[in-house]
């Protein structure tokens, strides 16, 4: 039998990376892109454009990246290099770098960390009852009916039908889409602070566009279905969404992390302009890039926006029924496990991507062997060690008539968390089997087996299996990807909605078998909460060429708009995003931390969840979401976020030292409270529209006024 190994060791030679932190895989990708760009007379083929976040804009090729900057970084230097500055939050920037300026860019001072933007893939009537949203819509036990009015729901997705009646008001007269940004469409006009895509900023623009343009997912419908769950009007059907009077911000985003950060910034700016609270839904995820412990640059950016008042809700992932994870506590021993490959028919299928993460300060080794059906080893790669491998490996192994291509990168200390890590990509073999092997003197190592597409957007797992007694089988634990692993995001699991038949028998309510299971590799709990995500009915884009099974349709403006049922945490996430919009309508002063904490504290338990303690559960999070209880608590919670909100009353004098007068109160007041900046209520008395503050220490305070059906507040100073 013919057997040999060809190993190409690719040295990092094109660039001087200086003190910029980046993974070995990122370094190789930069060199590979540069080589292809120069060797092809500054032109790139479609295969490379699909594989990397490279875009042809204004007659130039641009590479999308995320960077973390230091205090000595000078943004003015970007202009000379024609670098497009996208969103910025804290020290995290989204940039698009011209390929002919990458060398010069890497010489700039003040860049701490750089990563090429990772590629991304997407992951009702019964739903409303299961979540108790139907009770909220009826105002049961509440000051009023809540519908999400005056709150913005941002949807980052693909496949929006702007003309759908689901996104109109309940009278089907006016669109509730405040604005949309199609990052794929090149005709313009682009948003004022960004240099790409097309913005639709008026009802006329949206009507003329009708839908977003075709993209990597063709004429999709995922976004329309997700948006319908979060806030669809129902369009005359029973399939009304959760926050049916909220306004929408829709972004059809380029499938990379840099574009996501730009989308967040665009939405954040719109929310500031409108003086409205913003909740952003993300029904998508990725495993291929960045650390899955909440330390990645994307997670850091998300946490920064949350500090500024944005609430993020994200799907937990759909790998709960796949044993794609292996964990082992090493003590001078080794493991073996078979790597299973995806065999379904799909465009752009390449192979499997195996990710390994160890403990900070430790190292591990890995290789793979090629075996026949009986488990006999026919050939194997060399052993590679995270502490010594500094080059990118791109190789093939030939066994008989079968050729196995693979590439590998390792880091002794990953830039954002200090952990040793590897990414091993193996092309699908013909008839032979692939076995992953690993050894280490000590420490815990996790491995994940995720399908690899040539477009780099695969996000579904494949099993690790034990084909011989001394092999290790995989499990479905530690299955949360990004951005779901972000600490300040509300990460949502999925269950089937419970319902009663005609004689009162309850059906459903079980955890969805596909719903990804936690915790994170650092032990932190994820997911946070669960919502219905099985066979959820919602709107379908009337322009889609994706397949679906129609359950009903409506006619609007001489066009037919279908509805269909989809399953996934992509459906449970917008249910929670809609509930967050209801909470922010009830109390717009809640911080993202308070919103998340209220959802957790008011969770619902039943025979399916079992008893869940304060530390939560890796499958259910803290339990099932209960919108009615959450909003009852939200109304009576002292919000700590200052929101620029117009009010009809005022306080004077401000600053004051003895008496604070309140003028213009025309509605019945239930209670007034004075709150310090730690959120503590220090007084709750009112007399003749004035408050004695003589006993208060000098400083800033909040006057909170609770009316019958709303909460308003303003700040004042005691001298």
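Using the three backbone atoms N, Cα and C, a Cβ is placed for every residue, glycine included.
Here's what TrEMBL has on this protein:
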- 157: active site, charge relay system (ACT_SITE)
- 222: active site, charge relay system (ACT_SITE)
- 570: active site, charge relay system (ACT_SITE)
- 148-320: domain 'Peptidase S8/S53' (DOMAIN)
- 475-603: domain 'Peptidase S8/S53' (DOMAIN)
- 651-718: domain 'Secretion system C-terminal sorting' (DOMAIN)
Average pLDDT across the domain 'Peptidase S8/S53' (148-320), rounded to a whole number | 94
Quick one: Cα separation, residue 222 (active site, charge relay system) versus residue 157 (active site, charge relay system), in Å?
-> 7
In angstrom units, rounded to an integer, how far apart are the Cα atoms of residue 570 (active site, charge relay system) and residue 157 (active site, charge relay system)?
-> 10
Which residue counts does DSSP give the domain 'Peptidase S8/S53' (475-603) for helix, strand and coil?
-> 28 helix, 36 strand, 65 coil
Have a look around residue 157 (active site, charge relay system) and count the other CB atoms within 10 A of its CB, chains all included.
-> 28
In the three-state DSSP scheme, residue 157 (active site, charge relay system) belongs to strand
